[in-house]
Amino acid sequence: MSTLGNLFVMLGLIGTVWGTIRLVRQRKHPLTKRFNLIILIGGIVLMFVGSPMVDTKPSTASSAQTTTKKLTAKQKSLLKSEKARGKVLLAAKAKKSSELKALKKEQTKLEDQLDARASSSRAVEESASSAASESASREASASKVAASSAQAASSSQAAAAAAAAKQQAEEAKKSAAQQQQQQQQQAATTQQQAPTNQGDMNTGDQGTIVGNSRSKIYHVPGQAGYRMNSANAVYFNTEAEAQAAGYRKALR
């Protein structure tokens with residue numbers, strides 16, 4: 001803006017000087033005089049127009065620059081002060097954060113100790129409960145073992161008595177069977193040693209199962225026949241029937 005003002009002032013000054021000179025030299029020619037007068041007036045107008053645009057206050061700019069420098073120094077001082085304050089605040093914040101972390105760490109430690117104590121207490125309670133349960137289980141097991149021992153002893157005695165009775169029964173049965181077999185063998189031997197013409201009937205001629213009521217021996221068709229008294233003859237339809245009646249099949 002100041003450059004344009006300087007240009008206007010210079011042009012106006014040149015126009016004024018040129019117009020004045022031309023008016024003085026050529027004042028006798030009306031047309032030239034009018035043109036020179038226009039140049040003179042135009043130069044004056046340009047000087048008046050450009051004068052406000054010219055920067056005529058260098059001291060003001062210097063003062064403003066000095067003020068700006070002063071303000072800048074003040075701002076720098078304030079900025080430095082704010083930075084120092086910020087550092088102090090940051091340090092205080094870091095200290096508080098560190099203290100807060102320490103407090104949280106201490107709180108966590110206390111909570112861990114409380115949890116450990118609670119866990120230990122629960123473990124002691126569980127151990128006591130387990131011991132009580134184990135004691136009760138041992139007592140129940142001892143009672144069960146005692147009952148089982150008593151039952152086993154009773155069962156053993158009963159089994160021994162039953163075994164003895166069974167053995168006696170088997171021995172009696174075996175003795176009776178041996179005695180019966182001996183009797184049958186004796187009867188058979190007696191019949192075999194008797195004359196073949198003894199008796200009034202022959203078992204081989206009957207066509208059915210014939211037993212001797214005295215010797216308890218029966219003969220089936222197809223075996224060698226022997227003579228016997230008809231009064232001692234017992235007739236059977238099957239061997240099972242004869243055996244059920246206590247008869248024994250003849251050896252031949």
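Backbone N, Cα and C define each Cβ position, glycine as well.
Here's what TrEMBL has on this protein:
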COMPBIAS  116-138  compositional bias 'Low complexity'
COMPBIAS  154-167  compositional bias 'Low complexity'
COMPBIAS  175-194  compositional bias 'Low complexity'
COMPBIAS  195-212  compositional bias 'Polar residues'
REGION    107-138  region 'Disordered'
REGION    154-212  region 'Disordered'
TRANSMEM  6-24  transmembrane segment
TRANSMEM  36-54  transmembrane segment
Self-check item: Counts by DSSP class (helix H/G/I, strand E/B, coil) across the compositional bias 'Low complexity' (154-167)
Solution: 14 helix, 0 strand, 0 coil
Self-check item: DSSP residue counts for the region 'Disordered' (107-138), split into helix, strand and coil
Solution: 32 helix, 0 strand, 0 coil
